[in-house]
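These notes are about the structure you will find just below.
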Amino acid sequence: MSSIHSNASQTEPEEAVGLPLPETPSKKQGWREIFLLSFASLGAIYGDLGTSPLYVLNTMFANKPSPSRNEVYGAVSCVFYVFTIIVIIKYVFIVLVIGPNNGEGGQVAIYAKIARSLNVGPKGVIIPGSEKEQDTLALARTDTSNTFYSTKSVMSLKRDSPLMVGFVSKLILCCCFLGCALVISDGLLTPTTSVLSAIAGIQVAQPSFSNVLAVSEVILVFLFVIQQFGSAKISFTFAPIIFIWLVGLLICGIYNIAHHHPGIFRALSPYYAVEFLKTGGIDVLGAAMLAITGTEAMFADIGHFGRLPVQLTLGGFVYPCLIICYLGQGAYLVKFPDAISNPFFLSIPGGTGGGVYWVMFVLATLGTIIASQALILGVFSIVAQLINLDCFPKFKIVHVSKNYSGKVYIPMVNWILMVGVLCTTAGFKNSNNVTAAYGLGITLDFVVTSILLVVCMVYVYEWNIFIPIFYAACFLPLEIILVIANVKKIVHGAWFPVLIAGLGFCFLLFWRWGRSKKVDQDFRSRVRINDLFPNLHDEREHSPAYYLREGEETYDLTKKAEDTETQATAEENVDLSSLSMDAAVSVQRQPSNVGVSLTYDLPVPPRRATKAAVFVDPLTAKTMLGRVSLSRYEGVGILYTDASFTLRSPNTVPQIYKHLVSSFPSIPEVFIFCGTCITSSPTYDPLERIDVVPMKILGHYRCILKFGFMEEIALDNELVAGILARIPEVHRMTEKNSSDGILSPTGGLSVPTLHIFEHEIIRSRRYIHNPTKNPFLRVGRAIRRSSINYFFSPLNGAFQSKGRMLKVDDEADDSQDRIYIGNVVRI
């Protein structure tokens, strides 16, 4: 007789346990941390906004060699109100408050919030920010749901019909993909514009200088090479430069206002902006919006620094510095209207060639390099979120900070973006050509964000309908006017970013379509356990006795979770010799760091002289050839599957398992379906990394391995031994073989272990049973077949890396085998 009791952990369970996607930790920031993050954000987010004074005003008067005073007032007034309305009122006070999801920004974050509320997100994906369900509870579930989603009910929406919800789900997905594609296309033009504009400053002082393009290309290569060091190091390195640059802009602005025209403050009156628009038309807004480039990237970058540091820095420091700088340039142009060709460099105190000029030139050059940083980091954040939502190929994501999972570096995206920027720079050649094409994608981004925010206000926050209507009435008309003003740039080169955005949008739609077809096929191909083993119940009744080992974590072997709870107050004394697979151990649930952990304090049972042969416990499987007796040999098989299947589908097995039992005469006595997931913690306690529960089939288990977002997902002998230590049958094997433990003295495994990996090849369905003579359908099917077989399938297969996570120290070690099973999936 043994006494069974539960050991309560002294710590509260972590919120992050069991999430298949990383999150940004929601911790309270102290003022010291907020100040440091605010300062660091200068070097990563505001370079684009901060370097706009290099080219805004001269672009607004590109066709006017000598503007009048009222025209200068009007231009400065347009810049002031566009900046204030869009950047400060819309983004600082609205978008950054209600837009982020789980600490991340960008259109993907808004889409995720809406999709989570409507339960219309990508199938098979747990959207970050969802109500967390611990892995142990999910693994303990014995009922199979009809979907990969959690059991969270759909939010009650009083005024939403299913038809409207379906329309909204498609609308937000298209807006999300379009916004992401536009940001990526901006990522090609922003570095080009900023660097070419800065290096062109050399020609102001040295007109004979003709290597602007070559120098710009070298600087851009340097910028992308240093991305591998991470945003934290780069931002802290760049932050002092941008700080000095903005202070320099502030000083130059104050100097120009005081010495040339203090009356420039009249430009803050909206009267001059209206009059300027009357004479210049909305075309001038297409140039004025260049002052707010980088705003959408700033929103996408908040995952690197947090909302409050971005709001404080932008509203309290960056905004006043830039407005004073624009007013200073306007004051200089009122006195020297002929300087409109390059008002920034010509308005620097001391004149061209002076000491201050070269200081500002160096700062401008460094600032433009940093200006590209905001877009690059924004692209990294957006692509990382798309990967987590299964809307982008699973490129390798490198987390560069242990404090914030939003700080990421994606090598493949970095090099692709570098090649694209270099080609774009070589194609446009000078900054005037780029600014003529720049802006359309940015203004379209503003409209997309506003549409998503309106939907978010209605469906997520359920605000009074007049609030989203008021928001749309305030911002959408201005943003649509900005789009119309920039449409005229298409003939001057704006077709290029539109083309890139269109290709990106089509790629995202195609990838999401392909992945949804793949997930649907996986869902349909799942095999119910009772269908595969029709006499499973009878075999379990005659199974051998099982016992528990001291200190091991285990769970109710057959009962549902609610049954265990009701028996928690039963007798404390249990005769171990009477336990069988159909017996439930009465325990009490206690909080722990791994969610629901049932810990037993038991003496080790005496070793039994078992008479088990090499093959034990035959199963009867139902196959196409009829019922087949399936022998099981002493050993362990580990099949690596997706975490969503392992957590959400307890009464089914993947199609590959059916292939195994149908093709081989025997399987290991212990069979484990293993999935991995990434938590919101940078590292995970190795003692709490593993969750294992049994399945309906005798000797079959489901396992989840949890890793921190800073850790490499790797399976070594020690981790595999930790999994096996939670399996009662494995202890019986080691005792029968008189082994000292699961790990041998040499570090190998004492139990034969087979690692099984699936290698899928995706192919288009053949339409054998549905032929057609319609030439349009035949062409469509041919395009579908080619795009899936020769584009989607190779790209999807290139990132099947489960086999690489197994680390074998000694390839000659015959205790572990690794096999890959091919499978053709037709979608």
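Including glycine, each Cβ sits where the backbone N, Cα and C put it.
TrEMBL: automatically predicted annotations, no manual curation.
Listed in TrEMBL for this protein:
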COMPBIAS  1-11  compositional bias 'Polar residues'
DOMAIN    38-533  domain 'K+ potassium transporter integral membrane'
DOMAIN    645-762  domain 'K+ potassium transporter C-terminal'
REGION    1-24  region 'Disordered'
TRANSMEM  34-57  transmembrane segment
TRANSMEM  72-98  transmembrane segment
TRANSMEM  163-184  transmembrane segment
TRANSMEM  204-226  transmembrane segment
TRANSMEM  238-258  transmembrane segment
TRANSMEM  278-300  transmembrane segment
TRANSMEM  312-334  transmembrane segment
TRANSMEM  354-387  transmembrane segment
TRANSMEM  408-428  transmembrane segment
TRANSMEM  440-461  transmembrane segment
TRANSMEM  468-487  transmembrane segment
TRANSMEM  493-511  transmembrane segment
The transmembrane segment (163-184) vs the transmembrane segment (238-258): 3 or more CB pairs under 8 Å: no
Residue counts (helix, strand, coil, in that order) that DSSP gives for the domain 'K+ potassium transporter C-terminal' (645-762): 33 helix, 41 strand, 44 coil
Contacting positions for the transmembrane segment (278-300) when only residues 6+ beyond its ends and CB under 8 Å are counted: 45-49, 52-53, 55-56, 59-60, 62, 71, 74-75, 78-79, 82-83, 86-87, 91, 95-96, 99, 105-106, 179, 182-183, 186, 190, 193, 310, 314, 322, 326, 371, 374-375, 377-379, 381-382, 435, 438-439, 442-443, 445-446, 449, 481-482, 484-486, 488-489
Selection from 72-98, 238-258, 408-428, the stretch that has most Cβ pairs under 8 A to the transmembrane segment (34-57): 238-258
Result, the transmembrane segment (440-461) in contact with the transmembrane segment (72-98) (3+ CB pairs under 8 Å): yes
Tertiary contacts of the transmembrane segment (312-334), as residues 6+ beyond its ends and Cβ separation under 8 Å: 34, 38-39, 41-42, 45-46, 49-50, 52-53, 56-57, 67, 69, 72-73, 75-76, 79-80, 83, 87-88, 92, 246-247, 249-250, 252-257, 260-265, 267, 291, 298, 340, 343-344, 346-347
Interface-richest range of 204-226, 238-258, 408-428, 440-461, 468-487 toward the transmembrane segment (354-387), CB pairs under 8 Å: 238-258
Recorded stretch, among 204-226, 440-461, 468-487, maximising Cβ pairs under 8 Å relative to the transmembrane segment (493-511): 440-461
Same-chain residues near the transmembrane segment (440-461), Cβ under 8 Å, at least 6 residues beyond its ends: 86, 90, 94-95, 98-99, 107, 110-111, 113-114, 117-118, 155, 157, 160, 168, 171-172, 175-176, 178-179, 182-183, 185-186, 189, 289, 292-293, 295-296, 299, 467-468, 471-472, 475-476, 479-480, 482-483, 485-487, 489-490, 494, 497-498, 501
